[in-house]
Every structure is written in C-alpha cells, then in structure tokens.
C-alpha cells in the first residue's frame, strides 16, 4: 500500500525535524565534552583515545543498525537511536571521572539517527528527487550545527555542564515522542528481505556485489579520506596554526554551517535536476583536488574562509551523490543497510583520522594535508575519467 504523496511529504518533514534536533544535541555535547575532559585531567592523547573509541563503537554499529532498520522498519530503528541518545546524555550529566566519560560513549553504538533519517527519506522519495531530498537533510545538519554550538556554549557557561547535558537528554526524549507518533512502522513499499537476521555479515557484503556498488564505495572511502583527516584535525589546526580563541572557533564553525546550508539547501537540488550524478561526482572530486592545493598554500584564516566555500561544495556534493548512487544501485529493501555502510565510512575516517592526522601534523605540518588531498583526488579523478564515470545504469 503506497501512502498518498502528501502523507509521505509530512513524514519526510517530521524526519527532517528529528534529524535537526538530533544534530543540535550532538553539537551541544561537542561544546561540553572537551572542557569536561580537560577538567578530569585528559591530555590531547587521551582525548584522541576517547574520539577513537566513539569512532570504533559507531563503526561497528553502523552496518548492523542499517540491517536492523531494513528488517524491523524505520520507527523501531529511530526509536532505538533516540532512546540511546537519552541514556547517552544522562550518563554524560553524571560523568565525574575518567571511567564514566568512557562509559557514557557506549550508547553511541545505537546512535545513528542520521542514517535512520536518510533511510526514511530514501524510501519515501522518488528516484530522480532522491539526491535533492538527501541534500535537504544536510540543511538540517547545518541548522543543528549552528543551534547546537551556540546553545551548548550558552547553557554550559550560564548553568554548568550538567544542566546542558540534562537539557540534551530531555531534548532527545522529545525526538523519541515525535518518532513514536509520526514515523510509520514501515517506510518500504514492499519488503522481501532474503533473510531476517540482523547480524548476518553475508547480507551486508552481498550488497558489494551489485553492479557499480564496489566502485562507488571504494571512491567514497579513498577520496573521502584526506578531507576526513583534515576535519578530524581541524580543532588542533584552528588553535595552533590559526591561533584562534574558543569564541572565534565557534564563529568559524557557524560560518561552516551556513555555507553548508546554502549549498545543500539551495545548490544541490538545482544541480541534480540538470546534470547526471556521474558527472557531478567527477566535478566534486576535481574541485576537491584543487581545494587540497589551495589548503597547502594557505597561510591565514582569511585564506581559509575563502577555501571553505569550494571545500564545502565539493564535500557536500560528493557525500550526497555517492549516498544517492549507492541507495539506487541496491534493491529498495536494502537501503538501510547501504546507508549504514555509508555511515561506517564516516566512522572509519574518524577512527583512523586522528592517528594519521596527528602523525602528518607533527612530521610535515599543515600543508601536508593539502598536498595529499590534491594528489589522491587527482588520481581518483583520472580513474573516473578512464572508467567513463558511469558507475551503473539507473535501475527502474
């Protein structure tokens, strides 16, 4: 039974709202944890371990969560995520020693609201509008990023970190109520999974055999790696290389958010309706290579603020197009698992990023990030050019 378009659209809007709220609490936490960690006596290395722990936990959780969403439906999957967030922030509110700070990260294994939301949007949007609809989720990300960063700073300064964490826990509970009331049990039109086990690795690796999937996926990992390393290392670059204070860093993050919102809200939809996804993929990889070169040459924050525009453009287009291509190349009953795998790529970058980034930064300095990004993406670009860019015929 296909629900009428108006009903579908309503569910998509609620999903956007849930995603925006989720990202808000996430960024609110980013303005609590570093200060809490410092107060508990963490140095940079230990803070790195903490970040890596989260990366590993989410890396393991991503594909399994995606399978769970495919088997049990969107409502169940998003409820589990929101519930996990409530527990996560409550644990953060009571964390008063090193051990508790690590324990509070454990619920992150289920916290995949964004891939869950992507699945709902991918299931309910038409094929040709899918990239645009997924791009609009990026708009929610930008809104949440700005709201969360500013709210987090204000709440923890005014009322303390415990209050801010409890506030986020209550917020996650509100998201849970929204999910239970408005998200349908199933968003897939027909479900015929080949097996109903969630922990079935064969189910997950089977997706790699669909035409074009392995290629797009490899490109996603290789081309995404240098930008991922730069993002993970950014807080350190901002403090040491640009010599920014916490407040200025906050403004810079807000600027990132605004640029991203403009691109994902206003630009991506227009591009996807005019150009093929394969040519947009090549465009984003090509621009990314040039951005790397510019990053290697930059000497101050002003340069960087100019670079941010093409940087965010290539990143946003790259992520949205690869996600869209990948969900279209598998059957509708597998979109959750595919998006779970896509989310794992991000977690993988977050897991290996700090180690590689730290080494490069110490040994070769900031320009090394740019040169590596330039070379890797130039190589990927020529690979795409030679294989004709078309990774798969669009399935009906």
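Cβ coordinates come from backbone N, Cα and C, glycine included.
Curation plays no part in TrEMBL annotations; they are all automatic predictions.
Keep in mind it's a predicted model, so treat the numbers as computed, not measured.
When the ranges 217-239, 332-354 are checked against TrEMBL, the one recorded as transmembrane segment is 217-239. TrEMBL lists transmembrane segment at one of the ranges 188-208, 251-271, namely 251-271. Cross-referencing 12-32, 369-389 with TrEMBL places the feature transmembrane segment at 12-32.
Here the listed stretches are 44-65, 101-121, 133-151, 251-271, 301-321, and the one with the most C-beta pairs under 8 angstroms to the transmembrane segment (77-95) is 101-121.
Comparison of 44-65, 133-151, 251-271, 301-321 by number of C-beta pairs under 8 angstroms to the transmembrane segment (101-121) places 44-65 first.
Per-residue pLDDT, averaged along the domain 'Major facilitator superfamily (MFS) profile' (8-390), amounts to 83 for this model.
With a cut-off of 8 Å between Cβ atoms, the residues of this chain six or more beyond the transmembrane segment (251-271) that come close are 131-132, 135-139, 141-143, 145-146, 149-150, 238, 244, 280, 301, 305, 308-309, 312-313, 316-317, 320.
When each of the listed stretches 12-32, 44-65, 133-151 is scored by C-beta pairs under 8 angstroms to the transmembrane segment (163-183), 12-32 comes out highest.
Below 8 angstroms of C-beta separation, residues 34, 44, 51, 208, 249, 252, 281, 285, 288, 292, 295, 311, 315, 318-319, 322, 326, 341-342, 345-346, 348-350, 353-354, 356-358, 360-361, 366, 369, 372-373, 376-377, 380, 383-384 of the same chain, each at least six residues beyond the ends of the transmembrane segment (217-239), sit close to that stretch. For the transmembrane segment (12-32), the residues of the chain that approach it from at least six positions outside its boundaries are 78, 81-82, 85, 89, 92, 113-114, 117, 120-121, 124-125, 133, 136-137, 139-141, 143-145, 147-149, 151-153, 155-156, 161, 164-165, 167-168, 171-172, 174-175, 178-179, 182-183, 250, judged by C-beta separation under 8 angstroms.
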